[in-house]
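First up is the structure itself, then whatever we jot down about it.
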Amino acid sequence: MAQAQLPLDTPLSLPEHPKAWKWYDYFTFNVDHKVIGIQYLVTAFIFYLIGGLMAVAMRTELATADSDFLDPNLYNAFLTNHGTIMIFLWVVPAAIGGFGNYLVPLMIGARDMAFPRLNALAFWLNPPAGALLLASFLFGGAQAGWTSYPPLSTITATTAQSMWILAIILVGTSSILGSVNFIVTIWKMKVPSMRWNQLPLFCWAMLATSLLALVSTPVLAAGLILLLFDINFGTSFYKPDAGGNVVIYQHLFWFYSHPAVYLMILPIFGIMSEVIPVHARKPIFGYQAIAYSSLAICCVGLFVWVHHMFTSGTPPWMRMFFTISTLIVAVPTGVKIFSWVATLWGGKIRLNSAMLFAIGLMSMFVLGGLSGVTLGTAPVDIHVHDTYYVVAHFHYVLFGGSVFGLYAGIYHWFPKMTGRLLDERLGILHFVLTLIGTNWTFLPMHELGLKGMPRRVAMYDPQFEPVNLICTIGAFVLAFSIIPFLINIIWSWNKGKIAGDNPWGGLTLEWTTSSPPLIENWEVLPVVTKGPYDYGIERRQESTDEDHDEQE
């Protein structure tokens, strides 16, 4: 994509860049987009471990029907905060804040984000939010689920519930600030030689994500502020006995929280569109279709939220409308899946760790999408609403989708961030354990849901015990899968093989600078002369010319 193809030879030692950041700079209040990106990733991963420990504790409780491993109130608090942490403090910050901050300026040829100080502020709102969330356990912990529906959220552990609300508002503010920054950066700061049809697909995904967050997040903030007033100041926005309406809260909550699924998956789709062509050594199939499908998901995704409320007294016409809109939003997603499959077809695929997680994502997301189609239709959803069928669905989509994609991105861009390669043997072990653990844990939950086991309960009918025990064993396998990943990260960051500037032979602009990049990314800004996914085009052109010469 730049003027000159970078060599793929690997140096013997990591070069010293006088203008590169040192390790201790990552612990400071820094405005450089790369430092902030790493800070997002590391902080989010710490919360991922905390949320994962809560999940293991809950699965241990659910291993048997009469277990007393967790106090019921503590189980409810773990349930609430596990979901909250995994969504608001792991996937969203890692995908948008982590990869978005690190990669977008590098991919468009900018020296930093448009508003560096605003960028730093957006990150530094996250650690206090997480601390506030964890501190709520000193007051019993929020126990109303990650949805925090009233009236339950207004009568249980009200101090902890208020802390939960304030934490989410802080994270939402961070999201809004970051969205403004990404939109301005992509729109105004790409190098003059880069046309819109040369913009990397990850940047298209980040643009769509930012637009969606900017529209939906303030609605959640408004709904939570009203809930905070009901809890602490005697208002009655959601109190039916005083003229309020709890269904209004559901509308406000889901208007953000279903688009939040796309906030978590759109950047991951962008990562997929970068990883697959590089490691398949083929141009991406359907560049424009993938770019426009991100914008289509952004638009249609704002009109599907009521499928979470089919059992909340919604009228038939509303059920019909939102069933149709839910099925329509699957179309642009299908465009991406088929484009990735077409890109893989006939490619020279390198089955390294990044590519394995990308392919794993495709299989997991398709499985989750199939159950999503059934949940999007009102007649089926009414029967399996609030059962483990729903739990299985969203874990296949969000863990099998988002987390697999985050792992693919880490294995792909770790050499750029650190200058060193991750160990492939540990990476493949990590992938195998994660794939087995994911299916072992969540696939049996479909059976639990179809047989009627409700979600969010610590005690259940003994008939469900054998399947729950299977799920719990799978959860431990999934938990242990993180160990080789952590060993790989820590060891490779210090002792890993030197990567060189472009170990994968990538054509997007981040591969034209040093690894790790300079403080201002480049000594001289790059010039774009070809597309970001023109892999093998020159060889095919040479082959065509030779065939033409032979015919003559």
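A Cβ is built for glycine as well, from the same backbone N, Cα and C atoms used for every other residue.
The annotation transmembrane segment is assigned in Swiss-Prot to 35-55 (among others).
When Cβ atoms from all protein chains are considered, those within 10 Å of H82 (Fe(II)-heme a binding site) total 20, not counting its own. Annotation comment: Swiss-Prot describes H82, H395 as Fe(II)-heme a binding site, evidence class a curator's inference.
Residues of the same chain lying 6 or more positions beyond the ends of the transmembrane segment (85-105) and with a Cβ under 8 Å from any Cβ of it are 33-34, 36-38, 40-41, 43-45, 47-48, 50-51, 54, 111-113, 119, 122-123, 126, 129-130, 133, 146, 167-168, 171, 174-175, 178, 182, 185-186, 189, 202-203, 206, 209-210, 213, 260, 263-264, 267-268, 271, 398, 402-403, 405-406, 409, 413, 417, 510, 521. Summarising the annotation, Swiss-Prot assigns transmembrane segment to 85-105 (among others) and lists sequence analysis as the type of evidence.
Positions annotated as transmembrane segment by Swiss-Prot: 120-140 (among others).
Per Swiss-Prot, the feature transmembrane segment maps to 164-184 (among others); the stated evidence is sequence analysis.
Per Swiss-Prot, transmembrane segment is recorded for 211-231 (among others), and the stated evidence type is sequence analysis.
According to Swiss-Prot, the transmembrane segment annotation covers 252-272 (among others).
The secondary structure of H258 (Cu cation binding site), as reduced to three states from DSSP, is coil rather than helix or strand. Annotation source Swiss-Prot lists Cu cation binding site at H258, Y262, H307, H308.
The transmembrane segment annotation in Swiss-Prot covers 284-304 (among others) and is backed by sequence analysis.
Residues or ranges marked as transmembrane segment in Swiss-Prot (evidence: sequence analysis): 321-341 (among others).
The annotation transmembrane segment is assigned in Swiss-Prot to 355-375 (among others). Within the chain carrying the transmembrane segment (355-375), a Cβ under 8 angstroms from the stretch's Cβ atoms is held by residues 265, 268, 272, 275-276, 279-280, 307, 327, 330, 333, 337, 340-341, 344, 349, 381, 384, 389-390, 392-397, 399-401, 404-405, 407-408, 411, 427-428, 431, 434-435, 438, 446, all 6 or more beyond its ends.
The transmembrane segment annotation in Swiss-Prot covers 390-410 (among others), and the record cites sequence analysis as its basis.
According to DSSP, H393 (heme a3 binding site) is assigned to a helical segment. For H393, the entry in Swiss-Prot reads heme a3 binding site.
Taken from Swiss-Prot, the feature transmembrane segment covers 426-446 (among others), and the record attributes it to sequence analysis.
The transmembrane segment annotation in Swiss-Prot covers 470-490 (among others), and the record cites sequence analysis as its basis.
Annotation for Y262 (Cu cation binding site): same-chain Cβ neighbours under 8 Å, separated by at least 6 residues, are T209, L212, I297, C298, G301. H307 (Cu cation binding site) carries a helical DSSP state (H, G or I). Stretch with the largest number of CB pairs closer than 8 A to the transmembrane segment (35-55), among 120-140, 164-184, 284-304, 321-341, 390-410: 120-140. Long-range Cβ contacts of H258 (Cu cation binding site) within its own chain (separation 6+, distance under 8 Å): G301, V304, W305, H307, H308. For H393 (heme a3 binding site), the number of other Cβ atoms no farther than 10 Å from its own Cβ, over all displayed protein chains, is 24. Reduced to three states, the DSSP call for H82 (Fe(II)-heme a binding site) is helix. Between the transmembrane segment (211-231) and the transmembrane segment (252-272) there are 3 or more Cβ pairs closer than 8 Å, counting only residues 6 or more apart in sequence, so the two stretches are in contact. Excluding the listed site residues H258, Y262, H307, H308, the same chain places W254, S257, P259, V261, G301, V304, W305, T326 with Cβ atoms within 8 Å of the centre of the Cu cation site Cβ atoms.
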